[in-house]
Structures are given as C-alpha cells and as structure tokens.
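The next block holds one structure in the form of structure tokens; read it before the comments.
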Amino acid sequence: MGENSREFGENTKINHKMEEVEREEEIDPESNSLNEPLLKRNRTLSSNPLALVGEKVSYIESLDYEINENDLFKHDWRSRSRVQVLQYIFLKWLLAFLVGLLTGVIATLINLAIENIAGYKLLAVLKYIHKERYLTGFLYFTGINFVLTFVAAILCVCFAPTAAGPGIPEIKAYLNGVDTPNMYGATTLIVKIIGSIGAVSAGLDLGKEGPLVHIGSCIASLLGQGGPDNYRIKWRWLRYFNNDRDRRDLITCGASSGVCAAFRAPVGGVLFALEEVATWWRSALLWRTFFSTAVVVMVLRIFIEICHSGKCGLFGEGGLIMFDVSNVTVRYHVMDIVLVVVIGIIGGVLGSLYNHVLHKILRRYNLINQKGRLHKLLLSLAVALFTSMCQYGLPFLVKCTPCDPSLLGSVCPTNGRSGNFKQFNCPPGSYNDLATLLLTTNDDAVRNIFSTNTPQEYQPMSLLIFFVLYCILGLITFGIAVPSGLFLPIILMGSGYGRLLGIYMGPHTNIDQGLFAVLGAASLMAGSMRMTVSLCVIFLELTNNLLLLPITMIVLLIAKTVGDSFNPSIYEIILHLKGLPFMDANPEPWMRNLTVGELVDVKPSVVTLHGVEKVAKIVDVLKNTTHNGFPVMDDGVVPPVVGQANGATELHGLILRAHLIQALKKKWFFKERRKTEDSEVRERFTWVELAEREGSIEGVAVTSEEMEMFVDLHPLTNTTPFTVLESMSVAKAMILFRQVGLRHLLVVPKYQASGVSPVIGILTRKDLLAHNILTVFPHLAQSKGREKRN
C-alpha cells in the first residue's frame with residue numbers, strides 16, 4: 001500500500017509538470033489548422049483533456065446526465081408519495097420563476113448603470129466640444145474610458161478569469177455534457193455584472209448580450225445548488241436539485257432568460273436556447289424556459305414604466321421594442337428580391353471572413369495572455385485607448401451636413417446624450433453624421449443607423465468609415481480580458497454596410513435605407529453565428545415590423561448557406577480553440593468505417609471491481625486511476641436461463657467514482673465478504689447524497705485494519721448502464737452518446753466465450769471526438785480528405 005501511495009504521488013507530480021509545460025507552450029498560430037486548439041492535445045485516448053474556461057486553464061470532465069438507477073434510486077421513487085412528486089414539480093416551476101425574476105432585475109440594473117454612466121460621460125464631453133475645448137474633451141473622454149476598462153479588466157484578470165468573454169461557448173459545452181469549472185460561481189457572477197457595466201460604459205465595441213446569457217446561467221446554477229459553494233443552503237428540498245440533470249435544465253432557463261433580457265425578446269430567447277446552446281430538449285423544458293422569459297419581460301416592463309417618470313436618471317426612454325422600425329411601410333417588388341439575395345451573399349462572405357480573421361487574432365492574443373496577468377491588462381487598456389481615440393477623432397474628418405427642414409418631428413441639431421443629428425463641432429443648423437454614430441452608446445448607435453424615413457441623414461463616406469472602424473474594433477476587442485458579447489458588434493458592422501448599400505441602391509428599390517441596415521445586420525449575424533430561426537424571431541421582436549419576415553428569412557437562409565461553405569460558426573471556432581470537448585450533432589462519414597471494438601483496443605485495459613470488493617483494492621484503484629466509472633462484476637453466478645453453464649461472470653452494472661468515495665467516507669465496511677440487506681443500505685445512504693459529486697480520495701482516511709475489510713457495491717451500482725456491441729460503428733455510438741447525454745458507454749463482446757470478460761472496454765466523451773480518433777488512427781484522415789474531394 002505504501003508503494004502504491006508513493007507511485008501515486010510521483011504520478012501526480014508528473015501530471016502537474018505536464019500541465020505547467022502545456023500552459024507555457026507557445027504554438028505558432030500560422031502552423032495550426034482551424035480545428036487545432038490553443039492547447040496541445042495528448043496523442044492518446046486515455047489522457048485527461050485540458051481546456052481554456054474563460055481565460056483559465058482547467059481539467060475538463062464530463063457530466064452525469066444519465067439517471068443512475070441503483071437500488072437506492074429505485075426505492076426512492078417507489079416510496080415517493082403523490083404529494084412529494086407534486087412538490088418536486090412545483091419547485092421546478094418556482095426555480096424557473098426565480099431565474100426569470102432575478103435575471104430581469106439584474107439586467108435592468110445593468111442597463112440603468114450603463115445608460116447613466118455613459119450618458120453623463122457623453123454629456124460632459126459634448127459640453128467641452130461646444131465650448132471648443134477639444135483637447136480637454138478628448139482627455140476627459142479617454143480618461144473615463146481608461147478607468148472603466150481598467151476596473152473591468154482588473155476584476156477579470158485577478159478575481160474571476162472565467163468571467164472574461166461572452167461565456168456562451170462554455171454554456172454551450174456545459175449543456176452538451178462538459179463540466180466547465182468555476183464557470184457559474186458567485187464570484188464569476190459579481191465580476192461579470194460589474195465588468196459588463198464598466199466595459200460597455202467605456203464605449204468598447206462589445207455588447208452586454210453575451211454576458212447577460214452567462215449571468216442568467218450563473219443565477220440558475222446558484223439557485224439550483226442553494227448558493228455559493230462555501231455558503232450553501234442545505235434545505236432538503238433544494239438538495240433534490242443538486243444533480244447534473246436538473247442543473248442542466250435550470251441553466252437552459254437561465255440562458256434563454258439572458259437573451260430575453262438583452263433583446264427584450266421572449267420567444268427569441270427560447271428559440272436561441274433551443275437552436276444554439278441546448279443539446280438536449282423536451283417539451284417540459286420548453287414550457288419552463290418560456291415561463292422564465294415571460295417573467296423577464298414582465299420585470300422589464302415594470303421597470304420601464306417606473307423609469308418613464310424620470311426616477312432613473314438618464315435611463316427611461318423607450319420600451320420593450322429596442323430598435324423600432326414599424327413606422328415605415330415595407331414595400332418591395334420582385335426585383336427587390338435580387339437585392340435581398342445580394343445582401344445575404346455579402347453577409348455570408350463577410351461573416352465567414354470575420355470568423356477567419358478573428359480566429360487568427362485570438363491565436364495571437366493567446367500568445368500575449370500566456371505571458372501573465374500584466375500583459376492581459378495592458379492589452380485591454382491598449383484596445384480601450386485606441387477605441388477612444390478613433391471614436392473622438394474620426395468625426396473631425398467628415399464634413400458637416402445641413403439640417404433638412406423637411407424632417408418633421410426631429411430636433412436638428414441635438415447636443416444631448418442621444419439623438420439622430422449631433423451637432424458636435426458643426427455650426428448652428430448643421431450636424432455631424434459620424435459623431436451621431438460614434439459618440440453615443442452602442443444601443444443608440446444601432447437605433448440611429450436603423451432610423452427610417454431619413455434618406456439624406458448619412459453621407460456614404462461617413463458610413464464607410466463607420467463600417468471599416470467597427471470591423472477593426474470588432475476584431476481587436478473580442479478576446480481581451482473583459483466581459484464581452486458578439487451580438488452588438490456584428491449588428492453594428494452589418495448595419496453599416498447594409499445602410500451603405502441602401503444609399504447606392506436607393507434609385508432602384510422601394511426598400512427604406514433603415515430596413516437595408518436591418519437586413520445587413522441580420523445577414524452578417526447569420527453569416528458569422530449561423531443561426532436562422534431564433535435570429536429571425538429576435539429581429540422581428542427587436543424591430544416590431546412583421547412585414548420584414550419574408551425578406552429577413554431569405555437573407556438569413558442565404559447568409560448561413562454561404563457562410564457554411566467556408567468555415568464553422570464563430571462559437572464552434574471558439575469551442576475548438578479553447579479545447580472544449582464539444583460533441584457535434586452529426587458524426588463524420590468516415591466514422592462508419594470504424595467500430596467501437598477497434599476503438600477500445602487502443603485504450604488501456606478496463607479496470608473492473610467485484611460486487612463485494614476489498615477496501616484496499618478500492619483505495620488503490622481510486623488513487624492510481626483517474627477513471628470516473630468502473631464496471632462491477634460478479635463471479636460464479638448461476639444463470640437464470642436453463643442450459644447455460646454455471647459459474648458465469650455477470651455484469652452487475654457500473655459504479656461511479658463519487659459513490660466509491662461516499663462508501664469510504666461513511667465507512668461502509670464489513671469484516672466478512674457478504675451482500676447487505678436493503679434496510680442496512682437505507683440506514684447509511686440516501687439517494688440525495690449519492691446525487692452529489694463532492695469529495696476526493698485524498699480527503700478520505702482509511703486505517704490499515706480497514707484495508708482488509710470489504711464493501712458491498714451492489715446497492716450503489718447503476719444496474720442499467722448503456723451497453724453496445726463491439727461491432728457497432730463509432731458513428732452510431734456517437735449519436736447514441738450525444739442524444740442520451742451519457743458519460744460512460746460500455747462495450748460488450750459480440751460472442752460470449754467461457755472465461756471472457758462481459759465488458760471489453762468503456763467509451764467516454766473524449767474517445768468519440770473526431771480529432772482525438774484521428775490522432776490515434778491517422779490513416780482515417782486520408783479517407784476524410786477523399787470524402788471532402790468527392
């Protein structure tokens with residue numbers, strides 16, 4: 001036993017050393033293909049995967065979405081009364097309500113803070129400009145943005161690295177079955193809220209939409225587990241939700257609530273969760289997510305009514321429709337469809353180009369971030385300074401535009417925080433159209449460029465400068481160490497070229513320039529993110545114009561089709577870059593030429609346990625392996641089928657690592673080798689305790705006397721694990737694994753001979769990923785290339 005402990009200690013040191021080396025490795029960004037992650041992969045199926053979660057390197061494990069049908073679970077369900085079942089269902093709906101309520105309240109407070117901080121900053125800058133104190137205005141504008149960015153970045157760098165970025169790729173991976181450590185903690189939530197306020201208020205080219213999705217998911221996770229890890233509420237009814245399956249459903253509600261809070265689009269939020277982030281879906285979950293988004297909308301509506309009275313400072317204008325274009329009649333002819341198709345093609349090409357260039361920039365950012373916290377902070381501050389200089393200085397390059405007296409109901413020029421015609425440095429009666437788009441919040445910029453019935457508002461050169469600038473800012477801003485979202489930057493870029501196209505096509509079409517901006521934004525989002533149904537509904541809820549539906553659908557379908565022909569979606573690229581083992585919906589065609597039997601042959605031999613096992617064997621297995629599931633065998637079993645030989649080996653089931661640790665912690669030991677009675681088990685364990693995944697073998701103390709005792713594993717073993725024949729194709733096994741939400745898949749022999757183990761191997765998530773298989777079977781890459789050429 002002492003030799004085993006020393007061996008384990010040496011292995012642990014080696015693993016830590018490998019981790020340090022992998023963190024320090026610098027990979028040439030030009031030498032790797034699009035699917036290569038930022039961290040080097042180990043060329044074996046049995047190694048533990050490393051991935052970037054936010055900006056932090058972590059070991060990645062899978063989640064247990066499968067129901068563990070052991071004796072305790074079966075007894076628990078049999079013994080539950082109808083009242084207890086109704087209580088469980090009621091609590092699910094109550095938690096869905098609380099997720100929507102808290103997400104709506106926090107989203108409103110974030111909006112209120114951003115509008116007031118950014119609003120008062122812009123009012124002060126415009127006063128300096130009105131007094132022709134341009135240098136003072138620049139220093140004030142740049143200084144405030146610098147401080148706000150510093151606060152957001154220092155929080156992410158020092159306190160919660162997982163709060164950096166949008167968080168959507170990690171949520172997508174979690175709902176796919178990948179555990180993302182420290183992603184949903186209380187510290188991450190607080191930093192995400194404060195960081196989003198600081199980064200968006202600083203005028204950086206990012207949105208609060210992605211962070212709000214992450215915030216909603218954090219709220220859902222914390223509610224489900226009863227609070228932060230160190231201060232959990234141990235109420236019995238809450239502990240029923242402390243399992244991966246219910247937590248997955250709550251986080252899905254949180255993600256849809258976050259989208260709803262960001263865009264005020266309840267149906268779009270539900271469809272976003274269904275189309276983009278959720279891997280597993282059912283009708284009951286659909287109802288609860290819709291209920292959560294309905295609560296969010298109610299909260300937003302209440303706060304908007306309160307703020308209309310002027311009690312919220314500069315926040316309070318507008319309603320649930322963020323970018324209203326309902327005041328224009330959508331009229332188009334058959335020839336206008338040609339222009340719509342052109343917008344879709346441009347959006348698909350530009351979206352895929354954006355994904356490609358962003359992928360290259362993220363690789364270079366990774367090389368900078370590897371140098372330490374200071375470099376992360378300096379990179380964020382450098383981007384903030386460049387953004388401030390461009391936003392303040394570029395409007396001086398364009399000519400002033402005289403106000404159009406035919407525009408009724410519009411104030412021109414304006415000197416306030418918002419408005420379509422900002423005077424900036426222009427004489428009375430004129431306005432600066434580029435300042436209208438740059439010296440404002442991102443939401444107001446979208447609102448201004450979406451404005452309808454204003455065909456002469458913007459000069460082509462101003463729109464071209466705006467489009468080029470936000471293409472550059474969108475590429476260099478995403479990836480810095482602040483909470484950031486991709487939705488709004490892509491909308492700004494797309495609306496820029498859409499409105500520019502509308503100016504040049506004005507004489508040949510009846511479509512308003514503002515609607516061209518809407519279609520351009522939709523096309524670029526579809527070309528980059530590859531969403532269709534949810535994006536269509538979100539844009540309809542944003543703009544409040546149902547007549548846009550036919551041409552919006554055409555634009556989205558064309559842009560997605562064109563983009564798919566070049567590269568994956570931006571979230572898939574980020575997933576691969578971070579090394580998150582995300583399992584795609586469709587297996588590669590060459591996977592049908594490989595069987596699961598061939599796959600397990602290249603893995604180390606499976607570690608099995610007996611139904612009644614010695615404590616020393618269990619401790620040795622837990623200390624010297626990292627496996628999370630072990631097949632449980634019974635020897636000498638009398639088969640129930642007449643004619644079979646006695647003494648067969650039976651596969652009793654699969655036991656999880658966490659359950660073995662629970663048995664050791666509770667000293668479930670016996671001096672003799674025997675099976676236990678049901679009553680004995682229920683006195684020591686509860687099903688709720690077995691649903692938890694806390695603890696490690698290092699925290700368990702076992703004496704030398706206890707090492708010689710035995711543990712009955714039968715009551716803790718999942719007696720109905722999913723098994724497949726060794727002749728099944730990898731493609732079919734991957735589909736089963738993903739759709740059911742498995743963590744372990746047992747491979748059994750096709751022919752059961754005497755003396756042959758009933759289990760020949762276990763497949764886990766990393767074994768079924770295409771890039772991992774190709775590292776072990778490189779010849780399959782050649783057939784993959786031939787299939788692509790064909």
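Heads up, the Cβ atoms here are built off N, Cα and C, so glycines get one too.
Caution: TrEMBL annotation is automatic and unverified by curators.
Record features (TrEMBL):
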- 1-10: compositional bias 'Basic and acidic residues' (COMPBIAS)
- 1-34: region 'Disordered' (REGION)
- 93-114: transmembrane segment (TRANSMEM)
- 135-163: transmembrane segment (TRANSMEM)
- 183-204: transmembrane segment (TRANSMEM)
- 285-304: transmembrane segment (TRANSMEM)
- 337-357: transmembrane segment (TRANSMEM)
- 377-398: transmembrane segment (TRANSMEM)
- 463-493: transmembrane segment (TRANSMEM)
- 546-563: transmembrane segment (TRANSMEM)
- 717-783: domain 'CBS' (DOMAIN)
Please spell out the DSSP helix, strand and coil residue counts for the domain 'CBS' (717-783). 27 helix, 12 strand, 28 coil
By a Cβ-Cβ criterion of under 8 Å, what residues six or more beyond either terminus of the transmembrane segment (337-357) are in contact with it? 34, 471, 474-475, 490, 493-494, 497-498, 501, 505, 508-509, 511, 516, 519-520, 522-529, 551, 554-563, 565-570, 573
Counting CB pairs under 8 Å, which listed stretch among 135-163, 377-398, 463-493, 546-563 touches the transmembrane segment (183-204) the most? 135-163
Averaged over the whole of the domain 'CBS' (717-783), what is the pLDDT? 87
Are there residues at least 6 beyond the ends of the transmembrane segment (377-398) whose Cβ is under 8 Å from a Cβ of it, and what are they? 125, 137-138, 141-142, 145-146, 148-150, 152-154, 157, 202-205, 365, 368-369, 424-425, 432-435, 438-439, 459, 461-462, 465, 469, 473, 476-477, 480-482
